[in-house]
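Participant: Supplied in structure tokens, the structure appears directly below.
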Amino acid sequence: MVKLKLFGRSHPSADPLRDDDPEIKLTFALKQRNLDKLDALFWDVSNPESPQYGHHLRQSEVVELVSPSQKSVAVVTDWLHNHGVSKMQLTESRDFMTISTSISVAEALLETKFSTFVHISGKRGYKMSSYSVPSHVAPHLDFVSGFRLPNLSFKKTHTERQATHVNPMLRYSALPEDNSPVLIYVNALDSVATVTLLPRCKDGKTTTETSPLCQEEDEGINIVGFDVTAVEERGEKEIDYHFDIKDAKCNPCINNSTACTLSNEKNGLPSGTVYCSLQLSGLTNYLDTYLIITTKYSDSSLSTPGNASSLPFSTSSFVTPRNLAELYKIPAGLKVTNPKSSQSVAEFLDQYYDPADLQKFFRLMGQPDYSHLVRVIGPNNVTLPGGEATLDIEFIMGLALGAPTTFWSVGGLHEGQEQFLEWIVQVLNAADAPYVHSISYGDDETSLTEEYMTRINIEFKKAAVRGLSLLFCSMDSGVYGNGKSDCPAFTPQFPASSPYVTAVGATLLSTQVLPVCEENFAGFEFPCNDVGETTSSTLLGSRITSGGGYSGLFSRPSYQKSAVKGYTPYISDIPSSFYNQTGRVYPDVSALGHNYAVILGQQIAPIDGTSASTPVVAAMITLLNDARFNAGKSALGFLNPWLYSLSSDHFNDVVTGDNKCSEIPWICCEYGYPATPGFDAVTGLGSPNFGSLLRSALKV
């Protein structure tokens with residue numbers, strides 16, 4: 001017998017297996033042939049300097065090149081049959097065998113014992129500590145999957161209604177000694193903002209009573225309201241707000257009253273603590289804004305002002321397809337006209353969309369209704385639309401108007417079956433797979449084994465030789481991954497860190513677009529009024545911080561070595577132990593990732609994320625493919641060798657900001673990757689200049 005490594009990690013909450021013998025699904029990854037030939041072909045068809053550039057293969061040709069030998073299929077099939085497995089299915093590509101069997105048969109088959117565990121999603125799956133296969137079978141397998149779930153972090157969406165509230169103790173070793181209110185979070189929208197704060201009684205204590213606030217206070221002095229001063233950039237403008245608590249239970253509140261709510265653990269605040277939300281309006285978009293907040297008490301006294309001068313934010317206009325087209329120089333009225341110009345969004349973990357939302361989106365954005373062009377693969381519960389899926393489908397279609405679009409849904413958890421593997425297998429088994437794929441998914445590299453990621457990279461290469469473009473978001477928690485706030489060594493994200501995909505970061509519109517904007521001039525901040533792109537960060541009022549960094553596992557590909565060499569001097573202060581200095585660097589490109597106007601549940605929902613920027617860049621690739629198809633050319637396929645060969649005028653260089661902050665608002669660490677002139681590890685080459693890209697795409 002040969003022991004094989006497990007490909008993922010299980011959640012630690014395990015309990016004994018139930019007495020029954022449920023059926024589970026297992027997937028066996030069979031070893032493929034001619035991987036050296038696949039690798040050579042991958043680079044030939046992807047390199048614009050190669051005479052084979054764009055000479056992609058059909059699905060059947062890829063299958064013939066790399067599919068496992070008949071012997072491998074026979075050995076694995078016989079082994080399964082000998083253990084009583086009858087429900088088995090070989091994929092069309094002949095490289096994955098899926099079976100359905102009972103727990104008891106699986107235990108005998110793999111010489112292991114299963115137990116149950118609770119996944120981070122709350123659903124139950126099955127796991128084991130190790131497994132073995134016979135020595136005559138092992139040479140024919142890469143791994144077995146489906147028996148447990150990696151701790152996957154499918155990217156969350158960030159909407160006004162899903163704002164993250166954070167335990168103030170994450171920012172303070174203790175509450176301030178005075179009685180100043182503590183600013184928890186600012187949700188910055190279009191000229192308005194929602195301020196969430198932790199109120200404190202006159203004696204400095206927090207309260208657990210909402211009506212009236214602080215009624216448990218010894219002297220009977222209650223909180224009756226708040227005064228807020230918003231100081232806009234350079235102190236040129238101050239706006240005063242006065243909030244009275246007229247009805248502690250109003251939600252939402254109007255007429256300058258405020259809502260104060262008893263928190264629970266879901267809010268990120270200590271259970272049973274009261275926090276308050278204030279609505280600020282009339283703010284100037286794109287200017288750094290600071291808040292001074294004072295509590296008003298029933299004895300007419302005021303608290304010590306809570307001065308958040310070190311925590312600026314800025315509001316910005318809602319993002320629509322029209323202003324994205326203007327920003328990235330996409331010609332007005334450009335539409336897809338070639339039926340080959342197909343695209344897709346991949347959705348996981350019960351993320352669905354409602355066609356009625358998409359129809360309303362087209363109507364409100366002043367666009368023709370192309371909702372009939374959506375093809376749904378997999379489940380789609382229209383009664384439970386999700387922010388992630390809705391964002392993806394609306395903006396990829398809103399920018400690439402008229403493109404046939406696939407909503408590729410893998411649905412929920414399937415008894416431990418790992419959905420990303422299921423998705424890529426489905427794509428590669430489809431003879432008519434869309435040419436462009438946008439995927440808002442990622443996980444820490446350290447949570448997956450090298451064997452698993454290596455096999456996934458092979459699948460990416462197979463997609464590329466067929467002319468498919470795969471774009472992955474760089475994730476939303478800066479350099480630390482999955483919302484960590486304890487400042488560990490950097491945590492690269494996979495699949496964005498794969499050398500065989502295009503990773504997309506996120507930017508934010510701001511006036512702080514040049515380093516000089518942080519300097520003082522004659523005692524004043526240097527005047528910066530031009531609006532442009534900076535790195536998306538929670539420090540600036542975004543709901544996310546753009547991910548990016550160096551892969552800890554994958555070597556730097558040749559296509560980006562020159563670009564990264566120019567970046568190295570800018571990060572000399574980062575400890576070498578924090579990252580792999582020879583690793584693949586991501587993202588490759590970026591785009592706006594803040595304040596997207598999404599129609600969700602028939603309402604406008606502002607959403608942030610690299611999951612916003614990724615479908616936007618994907619839509620641009622669809623438009624480029626359309627132009628190429630109409631010119632008799634092939635699809636662009638794997639993008640990176642072409643992108644890195646282009647001159648700097650093909651991109652809008654982002655030179656300010658960094659990703660040292662977490663997705664958790666204002667939790668920032670000492671180190672992160674800075675945006676710099678040229679390529680960098682937080683915005684890549686920059687955001688696309690579509691006009692320049694179009695001209696170059698038609699020349700290769």
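Each Cβ is built from the backbone N, Cα and C atoms, and glycine gets one as well.
Among the features that TrEMBL reports, domain 'Peptidase S53' is placed at 318-700. Annotation source TrEMBL lists active site, charge relay system at E388, D392, S611. For D653, V654, G678, D680, the entry in TrEMBL reads Ca(2+) binding site.
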Participant: Helix, strand or coil: which one is V654 (Ca(2+) binding site) in, per DSSP?
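Facilitator: Assignment for V654 (Ca(2+) binding site) reads coil.
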Participant: Using the Cβ centroid of D653, V654, G678, D680 as the reference point for the Ca(2+) site, which residues of the same chain not in that list have Cβ within 8 Å?
Facilitator: F651, V655, A675, T676, P677, F679, T683, G684, L685, G686
Participant: In this predicted model, what is the average pLDDT of the domain 'Peptidase S53' (318-700)?
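Facilitator: Across the residues of the domain 'Peptidase S53' (318-700) the model's pLDDT averages 93 on the 0 to 100 scale.
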Participant: Considering Cα atoms only, can you say which of E388, D392, S611 is the nearest neighbour of D680 (Ca(2+) binding site) among these active-site residues?
Facilitator: S611
Participant: Non-local Cβ contacts of V654 (Ca(2+) binding site) (under 8 Å, 6 or more apart, same chain)?
Facilitator: T507, E533, T534, T535, S590, A675, D680, T683, G686, S687
Participant: Out of E388, D392, D653, D680, which of the recorded positions is least crowded by other Cβ atoms within 10 Å?
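Facilitator: Comparing Cβ neighbour counts within 10 Å for the recorded positions E388, D392, D653, D680 gives D653.
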Participant: Give me the Cα-Cα distance between S611 (active site, charge relay system) and E388 (active site, charge relay system), rounded to a whole Å.
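Facilitator: Checking the Cα atoms of S611 (active site, charge relay system) and E388 (active site, charge relay system) gives a distance of 7 Å.
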Participant: Which whole-number value in Å describes the distance between the Cα atoms of E388 (active site, charge relay system) and D653 (Ca(2+) binding site)?
Facilitator: 27
Participant: Determine the Cβ neighbour count for G678 (Ca(2+) binding site): the number of other Cβ atoms within 10 Å of its Cβ.
Facilitator: 15
Participant: Taking only the Cα atoms, work out how far D653 (Ca(2+) binding site) lies from D392 (active site, charge relay system), in Å, as a whole number.
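Facilitator: Per the Cα atoms, D653 (Ca(2+) binding site) and D392 (active site, charge relay system) stand 25 Å apart.
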Participant: Have a look around S611 (active site, charge relay system) and count the other CB atoms within 10 A of its CB, chains all included.
Facilitator: 34
